[in-house]
Structures are given as structure tokens and as C-alpha cells.
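In what follows, a single structure is set out as C-alpha cells and then discussed.
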Amino acid sequence: MDDRMNKSDKEEMEKEEKATVATDDEPEINYRGWKVMPFIIGNETFEKLGAIGTLANLLIYLTTVFNLKSITATTMINVFNGTTNFGTLVGAFLCDTYFGRYKTLGFATAASFLGLQAIQLTAAIPELHPHRCAAKESGECEGPTAGQLAFLLMGLGLMIVGAGGVRPCNLAFGVDQFNPKTEAGKRGIDSFFNWYFFTFTFAQMVSLTLIVYIQSNVSWAIGLGIPATLMFIACVVYFVGSKIYVKVKATGSPMTSVAQVIVVAIKKRKLKPVEQPWLSLFKYIPPKSINSKLPYTDQFRFLDKAAIVTPQDEIKGDGSPADPWRLCSLQQVEEVKCLFRVLPIWASQIMYCVTLVQLHTYAVFQAVQSDRRLGNSNFKIPAASYVVFMMLSLTIFIPVYDRAIVPFLRKIRGKEGGITILQRIGIGMFVSIFTMLVSGMVEQHRRSIALTKPTLGVVPRKGAISSMSASILIPQFILGGLTEAFASVGLIEFYYKQFPENMKSIGGSLFYCGLAGSNYFSSLLIFIIHGTTNRTATGNWLEEDLNKGRLDYYYYIIAGLGILNLGYFLLCASWYKYKGNSDNTPELELHVNGEKQQSDKP
């Protein structure tokens, strides 16, 4: 990455990243910044290539090699994806509470490799999968035995364990390598978020094209062996750089402090609010706390009562409360406020990501019933491969945004990232609405041609193929890539920066929980639309045959919900206060090691 930076940035970064942080009890921290990124980004790229290379075609593998029925295989995939995304919360909790990010990532990467290797063995060893189903018009194929299915589920279970540790921790671990107290370190963190998504998208593109092609057309054993090999390389690359990583230690359960604030605030709910709470509330920060000092904010003021000192509260000689379940500090209260402030923004992510879900599902069905021939040849582009244009759009735009747009906006606006994180997310949500409107208009055009002009054949169990070129679908995928470049990248950066330092991994898992929520909400929306329109004169909007349905109306409904969601997001964004910012707080005195210290002015 150093080669892509201009000379002045590199010199300043090398100078400032040598800055160290030390205390009387802890060794100095040597932040190496971009110098350690080849190991971290290399590990991340190989890990993503390995995981996505297997999961991208897993549905086809279950139906063709394991002879599972479509509904069974689909249910298994949905349960797997949902468990994987929500499993990130467990992994994040264990990481922040007990093991730290370095150990969690090492263990999770190894678990992912073992899971991928187990799945590869189910294809390579004939005894671990059913006999191939002969092409018969009647009769059912032989399904997997209990032992074969158990071995497959063991591999998937190991992948869930691996993803639960890797997804919430790898981004936070990369950011740990930069010094957040220097300007070069702050710019490095901003760039890292962009490059993180760049490598993730690059891995998706390679997996959905080259690896999927080998699996489908050459050999499942070879095609699944490649991801397992790449995951092994990821393990090696990760541990090679272990001596130069910054390894932030776990500091105990961060949720205990959250629970204490809520419990104490409830106990003291009948107390009257104090005047000048920034001066009157109990102030204390543990000497080894990794969390940054936070000024008082006037939001969620009912939580302030947890830091009101009463005659019954006892304080130790070092300034800490004798019973943390009876008295909390202002710092603890403000950390909980950070968490509460993020949750409304997270709720808006669920509706935003519904757009992305459609681009991976119904947009592919549009391609199935469109003319996918390449030029005048008989070669047809696989319907699922059109998603690559979404990833290509993201891959191309992120470097342009990071190296051209951000520096330009930084000079004009004087902000580190050119625009604020919430402004970036808002732009992405606006583009997502436009994406659904374009998708609806394209579907309306595709359906009209299918019904009024000669078709190109029939898709089994679907319907007639429209003579509209599938290349007309590309703009909606390009827009989908742009909305991810703004909103998805912005959301990940937002969660990381706005959570307290000891909850970074939990903050990282929040993005994946939002994706899981979007999948479930999309399923609910489909169920409602299907049940409601099936009884109307126009018929079911979401028919198997898109020519008989009205998929365009479904897209327009999502666009309408997106407009409402954008309004909700703008309302939350106008109310939101970034962590560490306060408009009405004078200097605070904080107890550290029993001594009073003044915090920086907000």
C-alpha cells in the first residue's frame, strides 16, 4: 500500500507511526501502520477467497453432489447464513472479554481451514457423499446417509466458528496497528476501511468467476480444494507477521459495565437530576482502561442518575466506587450512551440492506429470463455472474474515492474523511433508492418485451426468455456497487469508531447482525407481498414466471420503504452526537489513580 501513497504522506506517516505509548506498568506500543499491512491484508484476502470460494456455490453443491432437494438445501443455507452472521456477536464477546483479537483471529482462521478441508473431503472421497444421481424422469435420487450428512455439518459448523471469530475481529485488528493519536494514524485508519472493502470485493469477484467455474465445469474436488489451500495460506501469512503486530489485550467483559449502568440507573430512578451534571456526577477512570475519556453529553439523561453520589455510596481511597452495582462513573454512563446512540442508526441499516438482498436474488432471476448471449455467439453468461458487475463497480470506485475524492474534499471542507461518516452513509442510502427505481424500470421494460415480442425459448419451471439483452441489467448492479461503497463501508467505519475501545469487536459484529436482519426482513416482506397479491385481480406479483408477475411493483415498494428509511436516518443523524463531542461541557475533572486530572475540552 505504501507505493500508492504520495511521498509527503509516506514520510509523515513513517515519522508519526514511530510514536509509542507507554505507562509505568505496560511496555511501549510500537505502531507500525502500513508496514504490517501486507500480513494483515494478505491474510484477509486469502481468507475471503477461501471462504467465499466455497460458500458462493454451496447451494449447487448440496443439490448436485449431496442430492438434497432444493427446499432442503435452501433452508440449510439460510440457517447457515443466519447462524454465521449472528454468531459474530458471540465471537466478538469472547474476543473482547477473554482472548483478545490476535488469539481469536488465529483460532478462527485455523477453524475455517479445518471446515473448508472437511467440505473438500466430502467431494474428494466417494464414501463421504451419495452416489451421483442418474438422469431419470421418475424416481428419487439417493440421499446422504446420516454419517455423510454429519461429516458435512461438521465442516459447516467449523466454518461458523471460524466466521464468528474472523468477521468481527479482522477489521478491528487491522485498525489496532495504527496510532489513533497521530494525524498519519488517523488517515491510515480512514484508508484502511476503504482497502478492507476493496480486498473483500476482489475476493468475491475471483470466487464468483474462476473458482465457481472450476467447481461447476472441472471438478468439485479440485474446486473445493482451492479454497481450502487458500485458507491454509491465510493461516501461514497471519502467523508469519505475529512478532510485529500490535496485540491489544482483552480487558474483561465490557457488557458488565453496561449492565451496571442500567441497573444502577433503575435503582436510583427516583432521585432528582443534579444541576451541572458535568461537575456533580461521580468521575473516575480505571488506571489501565483502554477507553478514551469522554465528555458529558445531555442525551439519555435518565442514565445520569447512575453516577449521582448519595450518602449511602462509599468510595475507596483510589477514587473507585466500593460497590460498582450501587454507583457508576460518568465515564461508564457516557460509554453506555455511545452504545444507545448507535442503535437507531443500526436499525436503519436493516432496511437499507434489503436493496442488496434483491440484487443477489431477484435481480439474478431477471437475468435468467433475459437474453444472456455474449454478442453473436452462443455462449451464455451465467445469470449469477452478473453480480460481478456490482463488485467491479465497488472495486473500481473505492480506490478513486480514497485517492482522489477524499483528498479533494479534505482540502475544501477541512475534514479528515472529506465528509462525515453519517453523510457518507446517507449518500449510500439515497443511491440505494435510485437503484431500486432503476431496477423497477428495467424489469418493466424486460416484461413488456417478453409479452409483446418473440421470445428466445423457455426456462424450465420459470417461463419465456425475454429478448431484452441482459446487459441492460448492468446499470442497476453498478449502482448497487456504488451504494455499498458509500453506505456499507461507512457503516463498518461508523460502528468501529463510535463504540468504546473495549467493545470494538462487538461493534464490528453489528454490521453482520444488520445483514442477517435484512435477510429476515426481506423474507417477511416477500411472504406479505405473496400472500396479499395472490388474492388480487392482478395476480401474484412474485410468480415463479416473472412475465406473469409484477416484480417491478415489488421493487417500487422497496424504493418507497427506502425513502421512509432515509427520512428516519436523516432524523437520527441530525440528533446524533459523535463520540467524544459535546457542545455544552466545560473541562471535566477525572479521578485516575486517585488523582484529579482535567480532560481535554470537547
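Every residue, even glycine, has its Cβ placed from backbone N, Cα and C.
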Annotated range (TrEMBL: region 'Disordered') out of 1-22, 529-550: 1-22
Contact set, same chain, for the transmembrane segment (220-240): CB under 8 Å, 6 or more residues outside the stretch: 39-40, 42-47, 49-54, 57, 61, 65, 105-106, 109-110, 112-113, 116-117, 119-120, 123-124, 207, 211-212, 214
Ranked first among 383-401, 421-442, 508-533, 553-576 for CB pairs under 8 angstroms with the transmembrane segment (339-363): 508-533
Residue numbers, six or more beyond the limits of the transmembrane segment (195-214), whose CB comes under 8 Å of its CB atoms: 1, 37, 41, 44-45, 48-49, 52-53, 56-57, 171, 174, 222-223, 226-227, 384-385, 387-388, 391-392, 394-395, 398-399, 402, 481, 484-485, 488-489, 492
